[in-house]
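See structure below.
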C-alpha cells in the first residue's frame with residue numbers, strides 16, 4: 001500500500017510540476033487590469049511556529065524553551081485576524097468587504113489557518129490585516145456579530161471563548177500553557193496547575209480612550225514572492241507566526257514574572273511583541 | 001391617561017382601516033402598549049430601531065428573566081437578584097447572593113429606566129443593554145453558566161422555540177434574539193408614576209405637601225447636580241468619598257485602567273429608595289439616614305473625590321431638619337405602581 005501511495009504522490013508531483021511550468025508561462029502575461037469587480041480567490045496562511053520548531057498543542061513531552069531559559073508547553077492559541085487589505089506595486093488598494101473579513105486562527109485546528117477571501121485579479125506587493133477586532137465591530141449591534149464574533153462562541157471565557165462580558169469587547173489574542181517556573185501563590189497560579197494565561201484585548205474604549213491593543217500588520221511581499229491573483233489559481237501568502245516572540249519580542253519578559261496578563265497596563269507591552277510574530281515565508285501562486 | 005386612550009383608539013382605527021384585522025388583535029393592542037416615553041422624561045438612548053418592542057418579544061423577555069436555566073445548575077434567575085417588589089433589586093442583601101450561595105462584591109442594582117442608561121454596572125464597562133446580561137450569566141458568583149449551554153437548554157423546550165418564532169420569526173435561539181428579548185423586558189421596566197411624576201405632570205391634582213416642597217428645594221440645592229431630574233441620576237461616574245472597602249473595589253478604573261477613574265462608581269437613581277435598601281455599590285448603608293450621615297460627616301478624601309464634595313468641609317452639610325425634609329421629598333419618588341405592575345411580574 002505504501003509504495004502505491006508514494007507512486008501516486010510522485011505522479012501528483014509530476015503533474016503539479018507540469019502545471020507549474022505551464023502556469024509560469026502565464027505569469028509572463030501582462031498583469032490584468034485592476035478591476036474591483038473582477039474577483040478571484042486569495043488567502044493568507046497563518047502557519048504557527050515556535051522559534052525553530054513546529055507548533056504543537058499540549059507538547060508536554062517535548063517542551064519549548066524561551067529566551068529566559070524557561071521551559072513551557074502550549075495548551076491554547078487563538079487569535080483574530082480581520083480587515084484584510086491588499087496593495088499593488090502601483091499603490092492601488094482593495095479592502096475586503098468587512099463582513100467577509102473576520103477570521104479566528106485556532107492553533108489546535110489546522111483547518112482554521114487560511115483566511116480565504118476574494119480580491120480583484122492583480123499582482124500584490126503588500127498585504128495588510130488587523131490582529132484583533134476593530135472598535136466599530138466591537139460595539140456593533142449583536143445581530144451583526146455572529147459566527148466567530150458571537151459572544152457565545154467558544155463555550156465561555158474558561159474554554160475557547162474570545163469575549164469579555166464585564167468589559168464588553170473581544171480578546172484578540174489568547175495564549176495559554178504551562179511552565180514549571182510558575183509559583184503556586186497569588187503571583188503565579190494558586191490552583192497549583194502552573195498555568196500561564198495571556199488574554200490580550202482592548203479596543204480603545206467606548207466613551208473615553210482606554211488601552212488600544214488593536215494591531216495593524218503590513219507585510220511586504222516583494223522579497224519572498226508577490227501574490228499573483230488570478231481566477232484560475234489560489235494565490236496564498238504563506239506567513240510564519242512565531243509565538244515564541246510573545247516572550248522574546250522587543251518587550252521580552254519571563255513567564256515567571258508575568259504568568260497572567262489580561263486587561264491590564266502590562267498587556268500593552270505584550271501587544272507590541274505581537275506585531276513581530278509575522279514573517280512572510282513564501283507565496284504560492 | 002386621556003391622551004394614551006386617544007392614541008390607542010387611533011391605532012385601533014388605523015388597524016381596522018388598514019388591515020381589517022380581527023377582534024383579538026385589537027384586544028391585544030389595548031392591553032400591550034409597547035414602550036412609551038413618559039411625557040416628563042427625555043428621549044431614550046437605547047437604539048429601539050435595532051430592537052422594536054413587540055408583545056411576543058416582551059413576553060419572551062419576561063419568561064427568560066424568570067428562567068432558572070440561565071444558570072449553571074438551574075437554580076438562579078435574573079429575578080433572584082432583581083425582585084420586582086424591591087424595585088428589581090435584591091432587598092436586604094448588601095452584595096448579591098448568587099449560585100451555590102456565592103457572594104459577589106457589589107449591590108444588585110435596580111432594573112429600572114434602563115432605556116435612558118448609557119453605561120451599565122456600578123463600574124461601567126458595558127455600554128449596550130443588549131450585551132449586559134452576558135456578565136451575570138457568565139460570572140462565577142452569579143449564574144456561572146456559558147451562553148451556548150443556556151441556548152441548548154432552551155432549544156429543548158417547545159415553549160421557547162415557539163415563543164422565539166412568534167417574537168423574531170424564527171425558532172432559532174441565538175445570541176442576538178436571546179439578548180434582545182431580555183432587553184425588551186428590561187426596557188419596559190419604566191418607573192415614572194411616583195407622586196413626584198404626577199406633580200410634575202400636573203396629573204389628577206397631585207401636589208407636594210409643604211415639607212415635601214421644602215425638601216424639593218433643598219434637594220435641588222444640594223443633590224440635584226449628580227442626581228438630576230427626572231431620572232435622578234446624571235448617568236456619570238463619580239467618587240462620592242466612601243471609605244475604601246476591604247476588597248478595595250476601584251470601580252470604573254477596572255474597566256478603563258485610567259488613574260482618573262479610580263474609585264468612581266455610577267451615580268444611582270434616587271427613585272424607589274423605599275424598596276431598594278441597602279445603598280451604595282456595596283450596600284454598606286442600611287438606611288437613608290446612613291447615607292445622609294455619610295454626606296454630612298463621613299466623606300473621605302480618597303483619590304478622585306468629586307470636586308462637588310470638596311468644600312471648606314468635605315461632603316454636603318445637612319442639618320437634621322434638612323435631612324427630614326429631603327427624606328420627605330425623596331419619599332415622593334417611590335412608585336408603587338411600578339413594583340406592583342402585573343405586566344412586569346412573573347406569569
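Quick reminder: no glycine exception, Cβ is built from N, Cα and C everywhere.
These figures come from a predicted structure and were not determined experimentally.
Residues or ranges marked as heme c 1 binding site by TrEMBL: B:78, B:81, B:82. For B:210-334, the entry in TrEMBL reads domain 'Cytochrome c'. What TrEMBL records for B:223, B:226, B:227 is heme c 2 binding site.
Annotated features taken from TrEMBL, shown on the structure.
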| residue | record | contacts (Cβ under 8 Å, 6+ apart) |
| --- | --- | --- |
| B:78 | heme c 1 binding site | B:64, B:65, B:66, B:67, B:70, B:111, B:133, B:136, B:182 |
| B:81 | heme c 1 binding site | B:89, B:90, B:93, B:96, B:97, B:98, B:108, B:136, B:142 |
| B:82 | heme c 1 binding site | B:65, B:88, B:89, B:90, B:108, B:110, B:111 |
| B:223 | heme c 2 binding site | B:270, B:316, B:326 |
| B:226 | heme c 2 binding site | B:233, B:234, B:236, B:238, B:240, B:267, B:306, B:308 |
| B:227 | heme c 2 binding site | B:219, B:233, B:234, B:267, B:269, B:270 |
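Those residues of the chain, other than B:223, B:226, B:227, with a C-beta within 8 angstroms of the mean position of the heme c 2 site C-beta atoms are B:219, B:222, B:224, B:225, B:228, B:232, B:233, B:234, B:267, B:270. A Cβ within 8 Å of the Cβ centre of B:78, B:81, B:82, the residues given for heme c 1, is found for these other residues of the same chain: B:65, B:77, B:79, B:80, B:83, B:88, B:90, B:108, B:111, B:136. DSSP assigns residue B:226 (heme c 2 binding site) to coil in the three-state reduction, placing it in neither a helix nor a strand. In the three-state DSSP reading, residue B:82 (heme c 1 binding site) counts as coil. Confidence annotation: the domain 'Cytochrome c' (B:210-334) carries a mean pLDDT of 96 in the model.
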